[in-house]
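Straight from TrEMBL, the features:
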COMPBIAS  B:320-330  compositional bias 'Basic and acidic residues'
COMPBIAS  B:332-342  compositional bias 'Polar residues'
DOMAIN    B:72-312  domain 'P-type ATPase C-terminal'
REGION    B:320-342  region 'Disordered'
SIGNAL    B:1-18  signal peptide
TRANSMEM  B:108-127  transmembrane segment
TRANSMEM  B:139-156  transmembrane segment
TRANSMEM  B:185-207  transmembrane segment
TRANSMEM  B:219-236  transmembrane segment
TRANSMEM  B:243-263  transmembrane segment
TRANSMEM  B:283-302  transmembrane segment
Amino acid sequence: MNSGDAAGSSSGGSGDAGAPRRASRKPKYSKFTQQELPACKPILTPKWVISVFLLVGVIFVPIGVASLLASNKVVEIVDRYDDACVPSNVTNKLAYIQNSTISKTCRRTLKVPKDMKQPIFVYYQLNNFYQNHRRYVKSRNDQQLRDASKANETTLCDPEKTRDGMAIVPCGLIAWSTFNDTYTFQHNTNNLSIDKTDISWKSDRDHKFGSDVFPKNFQKGPLIGGKTLNESIPLSEQEDLIVWMRTAALPTFRKLYGRIYVDLKENDTITVTLDNNYNTYSFDGKKSLVLSTSTWLGGKNDFLGLAYLTVGGLCFFLAFAFTLLYLIKPRKLGDNNYLSWNRNSAGH
Amino acid sequence: MSIVQLFEVAIACDVVLCCRVAPLQKAGIVDLIKKRTSDMTLAIGDGANDVSMIQMADVGIGISGQEGRQAVMASDFAMGQFRFLVPLLLVHGHWNYQRMSYMILYNFYRNATFVFVLFWYVLYTGYTLSTAINEWSSVLYSVVYTSAPTVIVAILDKDLSRRTLLKYPQLYGAGQREESYNLRLFIFIMVDSVWQSVVVFFIPYLAYKNSAIDSASLGDLWTLSVVILVNIHLAMDVIRWTWITHAVIWGSIVATWICVIIIDSIPTLPGFWAIYEVMGTALFWALLLAVIVVGMIPHFAAKAIREHFMPNDIQIAREMEKSQDSRDANQPEVQMSTSTRA
């Protein structure tokens, strides 16, 4: 007797018990194992190709136009001040910025180019600052930030882990280097109040930064990296710190400083009194102050509108080109004259 | 007659019959061809005297039957009858070649696209190897996000039906001519992979360049873009859509989304809540749509051009099958015999 072949050895359903039939070794038939599942087999026909390109064009061009319109509506004032706020007689900028006895107050004048409707967002922008540096990004301890009982958890926070044997709260390079320039505004001649609440994510305030965690032992070392924190305010209310600790993705970034709830008119003058504390001079970084309105698209973003328009236009062009090609060189689908052994009479 | 002369005569013939051959000489004949050409050799036999020939050949087939099971135990494939060799080669051999070729090329493409996105980001982190995509998503990419579609398509996809392949044996030549896996195709797929990674990385980069975006949100956008793009690329190449194919491809995209949401709901990870924040912005959705479309345009255009203006035999046969299917659907079938099933 045969002892089975590679096809399997389950006995098939031989129903009748009467005649002495050899048990069938055929495996049970199923559509899946015999690869006969019902299927659709679409073929890319000229009709489909042209329709797809036209559809993409029809969708993308209006979105591109809407995006460009939204971006044009945004009014943005960008003022770089790190070079201008250092007195001209200073040659060693690094020593200047590190000298805590010199007053760093600087006045800047901004002109509003177009009407700006509230809320106006105030950002500080840093260039050439790599918050996405691997060592930097890892230098934090999220457990310590949210849980007061875990105050001594400082793993990965090197070199800002402990000071004088005691743990630093919040530890790590990110917290240590918090941005500490401050800005106050005057509109024409009136004081302009800036709302610094709710500038961070609510989820961060509620779940990542504990309301019972207080800064301890912070910025007590010889090198001050940035902002000093008020030790009586819990971390969940230190919004500048929270905003800063949401590390930016790219080396040029903005972070929200506050909001202004006053409309500004064209040609208004905004006077900014700022404290130029933050050291970007040792690595050629740039600091700028940004005031911006926003639309459904966010801030100023010409790129999106242009990209959509380009792609939409390209797709229309491709639809047109393909139509031409299909007219010049038509081919009947499934015509067996095109099979290679029919085409060359010599065959393969 | 020396062995070289035997070889040269044999190569010049269509068929060579050797009779009264000892087992070792059978192996020797196979070895003669194997050593002097780059062709694949196949040996089929049913008896104990065929074992050395079966083992010598690249593909050894044993017939289980009258003469016992020694041939079967030494073989790569075993069958019941000699005539099953025809569907083995023309049908299963063809399908296997198509599936393996596509799966290998697709695997390279899928992983390369992902890694190239990470590579472009490194250029903007001061070359410090920060990962654009968070570590959990990086691990899950190959395991959850994109593995099931690859496996299912590699198992289930058929380019042509059994009936067509048996009717036109010349279609087997596609494998012999290496039409589905060659250097040219590999280069194309790598170029496509680089293009798609450029699109996935740079379109969001240029849009978010001077903005307040944080690395977790942008990383989520990149994760979702890569997974959707890679799965849509696969969807464009699938030939036979069964319900399982639909389930795994669209299901993987849904599973990815769910995983990204879960990862961003763990408070101890630095990227906490990023996906919810970024999904609430219109810019995120606009960029996702733009990335998917722009990434797919070259592949789609190339596919349209290749399939219409430079069709190969398999493409023609697919179209013939489709018109045959619609004819069969309209006319009642005459009879069903087991040899023509599917």
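For all residues, glycine too, the Cβ spot is worked out from N, Cα and C.
Annotations in TrEMBL come from automatic prediction, not curation.
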Within the same chain, the residues 6 or more beyond the ends of the signal peptide (B:1-18) and with Cβ under 8 Å of it are 25-26, 29, 32-33, 36-37
Note: vs the transmembrane segment (B:243-263), the recorded stretch with the largest number of Cβ pairs under 8 Å from B:108-127, B:139-156, B:185-207, B:219-236, B:283-302 is B:139-156
May I ask which of the stretches B:139-156, B:185-207, B:219-236, B:283-302 has the most CB pairs under 8 A with the transmembrane segment (B:108-127)?
-> B:185-207
What counts of helix, strand and coil residues does DSSP assign across the compositional bias 'Basic and acidic residues' (B:320-330)?
-> 11 helix, 0 strand, 0 coil
For the domain 'P-type ATPase C-terminal' (B:72-312), what's the model's average pLDDT?
-> 93
